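Per TrEMBL, these features apply:
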type: TRANSMEM; residues: 31-52; note: transmembrane segment
type: DOMAIN; residues: 120-322; note: domain 'ABC transmembrane type-1'
type: TRANSMEM; residues: 124-150; note: transmembrane segment
type: TRANSMEM; residues: 162-181; note: transmembrane segment
type: TRANSMEM; residues: 193-212; note: transmembrane segment
type: TRANSMEM; residues: 246-267; note: transmembrane segment
type: TRANSMEM; residues: 305-325; note: transmembrane segment
Amino acid sequence: MPPADAAGGARPPPAGPWRRALQGLASSRTAVLSGLGLVLIVLATVLAPVYAKHVAQTDPFRSGLSAKILIDGKRSPVMERSTEGLGLGVTPIGPTWGPKYFLGADNQGRDVAARLLYGGQNSLIIAGAATLLCLVCAAVIGIVAGYAGGRVDTVLSNLIDMIWAFPVYLLAISLSIVMLGKTFEIGPIHISSSSLVVPIIIIGLVYVPYVARPVRGRVIAITNSDFVLAARGLGIRPSRILWRHILPNVATTLIVFAPMLMALNIVTESSLSFLSVGVQAPNASWGTILQDGQALLYSRPVVSMAPGIAIMVTVMLLNLFGDVLRDILDPKSVRGR
């Protein structure tokens with residue numbers, strides 16, 4: 001029989017952890033605003049084809065060295081003749097703040113705004129898929145190591161420590177160099193070096209130790225708790241203990257990691273692509289656009305500034321949302337600060 005309140009009526013059942021999390025997010029102005037900002041960014045990148053076709057009316061992946069644009073009733077070339085030095089070079093047009101070439105053109109005469117949206121689409125896809133891959137692998141390794149214990153825990157822990165010993169970017173660059181220029185065939189699956197699957201796998205795997213270690217510690221703490229020991233004493237099957245007691249607690253840990261890990265993956269992907277060992281042509285990402293703008297840093301700085309600002313804003317929003325989520329799902333972290 002449910003407990004009665006002071007008025008004599010039955011009390012409603014206490015809210016579960018997921019409902020409390022949703023209520024906490026909805027009541028936090030920071031979470032609502034950062035979440036809304038992330039939704040707008042995702043929506044803008046999803047609508048990249050619509051913007052390129054119907055607004056900019058351009059192909060962001062095709063060179064536009066000979067293209068022209070109508071400005072103040074006059075057709076002007078997208079690639080302007082340089083006025084510096086001998087005037088032999090060309091400089092891409094700057095921001096028009098209009099439908100076409102809103103942020104100007106890059107050194108190939110391509111619309112920067114359209115490429116920014118397409119690049120953001122790929123950057124978010126890579127970061128999201130890499131986050132999911134990392135969380136799944138880390139959960140499997142952490143749960144098996146923490147619950148099995150003994151030699152299994154020793155082997156997996158040593159493997160985690162071995163990978164952890166390598167600097168993240170050095171490991172990611174090394175894996176990228178090994179995988180670039182090769183086509184991988186696994187049965188009917190063919191993965192080319194220019195596929196987005198390559199950076200997804202690389203970025204997803206290099207951060208597994210950083211998530212698997214806390215998951216393992218969490219599993220060990222739950223496994224040694226009184227309610228799990230009591231369940232074992234009652235002869236409850238290990239699979240049921242995993243499903244009813246360990247997985248729900250591990251899920252909260254993984255969810256807390258997700259926003260911050262995705263922010264980290266965006267920065268990692270952009271860094272690798274900037275160094276030409278991430279996303280490969282003809283694909284674009286915020287990192288490749290940063291690289292394209294390097295040669296135009298003084299004449300057309302907006303080519304580099306636009307993806308840089310996009311990365312900064314997206315990472316900041318993810319971290320703000322992740323902080324609120326952590327405070328709700330892991331209240332011990334608040335007391336520990």
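Placement of Cβ uses the backbone N, Cα and C atoms for every residue, glycine included.
It is 305-325 that, among the stretches 31-52, 162-181, 305-325, forms the most Cβ pairs under 8 Å with the transmembrane segment (246-267).
Note: the stretches the transmembrane segment (31-52) and the transmembrane segment (305-325) are in contact (3+ CB pairs below 8 A, sequence gap of 6 or more). For the transmembrane segment (193-212), the most Cβ-contacting stretch among 124-150, 162-181, 305-325 is 124-150 (pairs under 8 Å).
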